[in-house]
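Worksheet: one structure, shown below.
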Ligand code: SF4
Ligand code: SF4
C-alpha cells in the first residue's frame, strides 16, 4: 500500500477554473511540488507551513464520502503537483469503480501511468513570471502520452501575469495546436482578505487579458477565463 | 437566396456563458423569436425597438470578415431564436468552408436541419419564471435529432432565477441525463448602467445558486456558471 501525502479534502464546491469550470466537484489536495513558482497560490503544499497526512487510497475515499456524502460524482485531484504520487493510481481506480469522474491539474513535469486514467487532464506549463524553466522535450512526451486517449479530455492552461507570459502562451499554443488551450488571469494578490477589492482588481486584469487575446490572431482558438472561486470567495483556503 | 433578419454583427469578443465560455468568438444576432420570456435580455430582437437588416449568407460573412479581420475562427449565432431562419444553413456552410467553427443557442422549439451542422449546440429550455411553457414532446424530438452527432457537442442550459426554476432544471437534467447541463444565474436587472453594483449583485446570486446546487444530489453532474460578459461590461449591448 502506497500512502499519499494529503493536505486537504473538501467539497462539494465548484471548480473555479479551466476546462471543468463550474462543475460541482470534491477536491483532494496533495502535498509536495517539484516546482517553486514565484506566485504559487498553494505554497502551503510545499513550504512546510502545513503538515500533510499520509493516506491510503481507501482512507482518501472514505474521507471524501464522509465529507461529501451523496452530493458529488466528480473529484478533482490538485496540489502541489499531484502527478508526483504513485499511490493515487489506486484512488483513481477506486473512484472509477464507484462511477465517480476525476480531473487533475499538473505542470507536466513528472509522469505516472495513472494520469492516463483521469477523465479531464489539464496540463499547465508555467510561464516566465513563475521563474521556472519549461523542459520542452519532457512536456512533448507528456502531451504525446495523453493525446491518444478515447472518451477522455485533455487541455492546456497557462496562467498569464504579463506580456512575457502571453508570448509564452502563444508558443505553447503553436506547439500543441490541436489541444484546447485555456488562458487564465494570474492572481497577483494572494494575501488580501478584501473580497470586493480583489474582485474588481481581478476583473480589470481579466479585461486586460481578454483585450490582448481578442487582438492576437495567433490566439484565435483559445479560451480566456477568470478564477470563479476567487471572484466569489477571495483568497480563502478550502472552498 | 434566403435572407435572414440580422440585428447586429460584432466581435471578436469572449463568449460569456455556457459550454463555450471564455472562447474568442464573433456574434451574429438574428431578429425574431417565437417566445416572449418575461425577463428576456435581448427583447430588442423582437419588440420592434430595433430594425433588422435582411442579409444573405454572403453578406453576413463579408460583414464578419470586415469587422473581425483575421482575429477569429469561431462564430456564435444568437438571437432571438436563430433556429427560426432557414437561410442560416447557407451561412453555416460558408463558415465551414472557411474553417470557422460555429455555436448556437436556441430554446429548442423550432427545428431546422442546419442546426445539426453546428459544432456546439446549446439547447436552453425556459424555466417557469420566463412565463413560457415547455412543449416537452417537441423538446424530446429536438434532443433526439442532435444526440447522435459525431465530433460535435451538445449541451443544455437553464437560466435560474428562483427555487421554482431550480426544480424545473432538475426535471430537465433527469429527462436528459446524458447531456451536459449548465445552470446560469438569471440577470434580474437588465436596465442598470452601474457595472460595479450589478457585478456584486450577480455574484451574490451566483453564490446562492452554487450553494443550492452543491446541496442537491440530483444535480451532481451539472455545471454552474455566471455570465462573464455581464460581470465585465454590465448590460451594454454589442460586446
Ligand atoms: S507548479 Fe503549481 S503548486 Fe507547484 S509551485 Fe508552481 S503553482 Fe505552486
Ligand atoms: S427565447 Fe430567448 S430571445 Fe426569445 S424571448 Fe426568451 S430569452 Fe428572449
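The backbone N, Cα and C atoms fix where each Cβ goes, and this holds for glycine too.
Going by TrEMBL, these are the annotated features:
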BINDING   A:14, A:15, A:16, A:29, A:78  substrate binding site
BINDING   A:33, A:37, A:40  [4Fe-4S] cluster binding site
BINDING   A:39, A:40, A:41, A:80, A:124, A:125, A:126  S-adenosyl-L-methionine binding site
BINDING   A:42  Mg(2+) binding site
DOMAIN    A:20-235  domain 'Radical SAM core'
- Where residue A:126 (S-adenosyl-L-methionine binding site) and residue A:37 ([4Fe-4S] cluster binding site) are concerned, what is their Cα separation in Å, rounded? 8
- Message: Spatial neighbours of residue A:33 ([4Fe-4S] cluster binding site) among the binding-site residues A:14, A:15, A:39, A:78, A:124, defined as Cα within 10 A: which are they?
- Response: none
- Note on the structure: Same-chain shell around [4Fe-4S] cluster excluding A:33, A:37, A:40, C-beta within 8 angstroms of the CB centroid, reads A:35, A:36, A:42, A:43, A:45, A:46, A:80, A:126, A:130, A:132
- Message: I need the neighbours of the substrate site defined by A:14, A:15, A:16, A:29, A:78. Which other residues of that chain put their C-beta within 8 angstroms of the C-beta centroid, in sequence order?
- Response: A:11, A:13, A:17, A:25, A:27, A:76, A:229
- Item | Interface-adjacent binding-site residues, chosen from A:14, A:29, A:33, A:37, A:78, A:124 when a CB lies under 8 A of chain B | A:14
- Item | C-beta crowding around residue A:15 (substrate binding site), within 10 angstroms | 24
- Message: Quick check for the class: what is the C-alpha distance, in angstrom and rounded, between residue A:40 ([4Fe-4S] cluster binding site) and residue A:80 (S-adenosyl-L-methionine binding site)?
- Response: 9
- Give the distance between the Cα atoms of residue A:80 (S-adenosyl-L-methionine binding site) and residue A:16 (substrate binding site), rounded to the nearest whole Å. 17
